[in-house]
């Protein structure tokens, strides 16, 4: 035990020996796994992570922060087989300048807090292992103190507590184990690895990392898979939340013209020609795509945007007709169409080669970080399947929409730099969101106040007009008596004296037709009863018509048209005088009553002679029959057609039941 511990300490001292010969931000040893060390952030892991790390291995990483800053370490995973004082497998952090250390750490004795904020500008990370049985190893990320909200590459969307979040993703999270579901257009399932999804969406470059702003919204039923920026996303099912990354410049750009080094002029078996010209390279157009001439070397496709644009991404697709597509390509740009500059990405060391399509059906997106400011862009295929054939679309925005990135606000209030004082005229208060010229501030504010006052006054006038329009019908309704309702109480505002006389015709109804004119249509009103049936006891029978005024009936009060029907008795108003009259209602004919051939059945002989001036029926304004027409066969006094002749056994001398007739003059 003691001898093994001494040998392990000696091994560590040998590895930490000549630090001055080690390059800054480098690694050394046979136990190193995935490692990306950038200027401001990075990620490192042990060999075989997340599998079991090998026996008797060691690795040393040296991390350096930008001048004037310190390092923040985030432990994504630390699973080293435990032992006494972590002698078998351990992680040790050392400051090469002061010699201070953190650790050693293993499974049961890890760091007290993560992230681990240091005041060191340089850190040496030493991982060593001896014989062991289990353990995934370690996963560590770091960033400078300018980014205190740095997160681990294993952080998922479900770990976020707020709807809108801004975090810093370190470099190197692209190749860390973890799944993502969805795409940049739909969003990503909340169980996706956060920083890996940001690389897939084209928000940050994996080589440098960066600040990420995202929001959590309601999940969707199905997340479609996509291949973008060298990452495959999976097809996912319903989730409670989804992640949407904010990207200010990513609209589809319109291409003014296409050009190419060559294109294929196909001749099919029937001798018909089909051109695979450069104009067919526009993504979204039906038919064949652009295809280079067979055997052509150094083929290229050129896109002219018409004016300078900020190009932030490119989308490519193959040709489904012959299963042809480009698997890798390079991009170069030009401002004049003659001098071309290859795109090298954020690294700036070598020309960047983009991963293309993996089949002829799907679309593949790649982001330009930083964006390209250009008018002409040329795509040069490097490798392809069967034939060079592709369709292309560019993403970006106009020059005016590009805004400088916002300065980062540290989460710790103590780290917030004090604002730099600027000169300001005394008594001048800036208006938020409005850039004012100090010489024109007074006039601009006056114009804004006048416009605001005009809009406010117009709104008030319109509101008053609408209120008056709505109150006017209510006043007219309250001050008038609607037919069929009780009259209102007399007041100085509304009284019966202001109502039209009973004999006047309401202007909303058509004028009554002249007497004797049968061609006019009937009025929609209802007539008063002309005959009131009298029961044998002498009491009048029930009626649905309006009682006469002498019975004390008053019109029901109508407050508004929302009054509930059925609260008061309502009766119909009489019709204007008409040239026709109705047959009086009565009891069934007695058995001894005989039918008069020229009069109304069941009436006395005196009443059947309606033509005499003394007859009571002369009060009716009945139309006269044309001369020569037989009485009793036509006209209003004709007997019903369907009645049978009286029985010979009927008693002709049987008394007739008296009828009481009441006639009212029309208003």
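Glycine is treated like the rest: Cβ placed from N, Cα and C.
Among the residue ranges 399-421, 422-444, 445-467, the one that TrEMBL annotates as transmembrane segment is 445-467. Ranking the disulfide-bonded residues 32, 59 by the number of CB atoms within 10 A of their own CB puts 59 at the top. Summarising model confidence by region, the domain 'LCCL' (147-243) averages a pLDDT of 95. DSSP assignment over the domain 'LCCL' (147-243) gives 10 helix, 34 strand, 53 coil.
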